[in-house]
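A.B. asks: Quick one: the structure is below, questions incoming.
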Amino acid sequence: MALTQFENDLEILRDMYPELEMKSVKVEEEGEFPQRINGKLLFKISLLADVNIEFGEQHMLLSNLSNECVEFTIYSCHYPDIRRCVVMDIKSLWISTDEKKMLIDKALRLVEETVDMSIEFADSFTSILILIFGFLIDDTAILLFPNGIRKCLTQDQYDLFKQISEEATLQKVSRSNYHCCICMEMEKGVRMIKLPCENANVEHYLCRGCAKSYFTAMIQENRISSVRCPQCEYKELKLEDFKSYKKMLKALFTPLIPVSFLKEVIDTELCERYEKMFYNQAATRLSKYCPYACVTCRRCDSWCTKEDLDDAMIQCQKCHFVFCFDCLHAWHGYNNKCGKKVSLSTDIIEEYLDDTVTSYERKRKLEAKYGRRVLELEVNDYLAEKMLDLAIKKEGSNLQRCPKCKVVVERSEGCNKMKCEVCGTLFCFICGVLLYPEDPYEHFREAYSGCYGRLFEGMPGTET
């Protein structure tokens, strides 16, 4: 075979595969077929349909793959022994060593089964390469993705496929035309910015100029809720719909436009301003809905948010000050009790307590808002107070509440003029009314008083 015919064959191959490179061609004499041909081809495995990439509970759809590379050396002197004639190596970031060996073996077996080994090598040279390249491009997906699924063995493998998918998407976007939803101009994807819309099934784009001016204006005007895709429908977050406090936190403190995205579009100073305003706005809203969730740090005045509603210990993420949510002093440990910062209303406690009226879902929402442990403690206190009230109202009871601090006082002896040992308040044991400190007995002397003449009523030793 003349060398010019070999060169013609190479031109045919290059026309079919523009990425084909021939590294070296060695000949002994002019006009002879090359004894050794070195080359490589960048190729992309063709996916007939989207494939599922899985790792544990993570999964994603993959539509395109990155370029792989096959390096080959052909020795004409070893023909027709195709195993010695063709030496191949596949370069890939994600195809395993065993899979590479399997693909090469199947490619060579296809050549052995298809090419007529009785003809001259010069006549079969082009056919061999076309078969190998065609197999790698068109027939390997079914082997590497059986049933359209690829199960990753490590997180790194899964992340690699995620990166491949993102790069393939970027390449596709850069070649396509898109409308900016603000100025309505059409531009190539390379000049556009794809917005990170909450709905993954939609694709909205802004040209770089509009993206910068829009987000800059929204932040400068303190319109934090407008820092989002201007084309997507906006739905305000309803905190009362959440049944989990942690899910509420995640939803409330996750911006619709990630700060990492904004850093690629606007100035760093504006990004920092937005991040601070967004967090403060979210924390303020949470503190109004969940009284046990947020408080400002007494050291640096930054908002601090609880990770666990039932935990009184809280740490400032800015200055790292650890303090008690209830008393706002430096953390004193769980065993040293302090006063409650917030008390629940009786209506909330009774609603949580009543299983006949309150549904399971409503209870979960109350727990997401106030904390399960907080509710249980409040319920226990409420029931204890109810029991005390019943004991006080019982006929012949020697118990009464202080009208000021509500502490239960027991009369073991003496008259009906009582003094609270906690707050020092003077009151009538019979009716609970406050007594004048200057003349506490006036209440029992006045004829219009319901306790007139009853100062010693019920006093041990005075029964008649």
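Cβ coordinates are placed from backbone N, Cα and C, and glycine is handled just like the others.
Sharing the record's features from Swiss-Prot:
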| type | residues | note |
| --- | --- | --- |
| BINDING | Cys180, Cys183, Cys207, Cys210 | Zn(2+) 1 binding site |
| BINDING | Cys290, Cys300, Cys316, Cys319 | Zn(2+) 2 binding site |
| REGION | 176-455 | region 'TRIAD supradomain' |
| ZN_FING | 180-236 | zinc finger |
| ZN_FING | 267-338 | zinc finger |
| ZN_FING | 402-431 | zinc finger |
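I'd like these features described in context: how deep, what's nearby, how far apart.
C.D. replies: The Cβ of Cys210 (Zn(2+) 1 binding site) lies under 8 Å from the Cβ of Cys180, Ile182, Cys183, each of these being in the same chain and 6 or more residues away along the sequence.
Mapped onto three states, the DSSP output places Cys316 (Zn(2+) 2 binding site) in coil.
Within the model, the region 'TRIAD supradomain' (176-455) shows a mean pLDDT value of 85, rounded to a whole number.
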A.B. asks: Residues with Cβ closer than 8 Å to the Cβ of Cys300 (Zn(2+) 2 binding site), same chain and 6+ apart in sequence?
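C.D. replies: Listed in sequence order: Cys316, Lys318, Cys319, Phe321.
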A.B. asks: Would you mind checking how many other C-beta atoms are within 10 angstroms of the C-beta on Cys319 (Zn(2+) 2 binding site)?
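C.D. replies: The answer is 12.
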A.B. asks: Who are the long-range neighbours of the zinc finger (402-431) in its own chain, taking Cβ under 8 Å and residues 6 or more past its ends?
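C.D. replies: Here the qualifying positions are 388, 392, 437, 440-441, 443-444, 450-451, 454-460.
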A.B. asks: Using the centroid of the Cβ atoms of Cys180, Cys183, Cys207, Cys210 as reference, list every other same-chain residue with Cβ within 8 Å of it (recorded Zn(2+) 1 site), in sequence order.
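C.D. replies: Output for this site, in sequence order: Cys181, Ile182, Met184, Glu185, Glu187, Leu206, Arg208, Gly209, Ala211.
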A.B. asks: Would you count the other C-beta atoms found within 10 angstroms of the C-beta of Cys290 (Zn(2+) 2 binding site) for me?
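C.D. replies: By my count, 23.
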A.B. asks: Within 10 Å of the Cβ of Cys207 (Zn(2+) 1 binding site), how many other Cβ atoms can you find? Include all protein chains, please.
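C.D. replies: There are 21 of them.
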A.B. asks: Report, as a single number, how many Cβ atoms besides its own are within 10 Å of the Cβ of Cys180 (Zn(2+) 1 binding site).
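C.D. replies: Around Cys180 (Zn(2+) 1 binding site), other Cβ atoms within 10 Å: 20.
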A.B. asks: Just give the helix, strand and coil counts over the zinc finger (402-431), going by DSSP.
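C.D. replies: Secondary-structure breakdown of the zinc finger (402-431): 0 helix, 9 strand, 21 coil.
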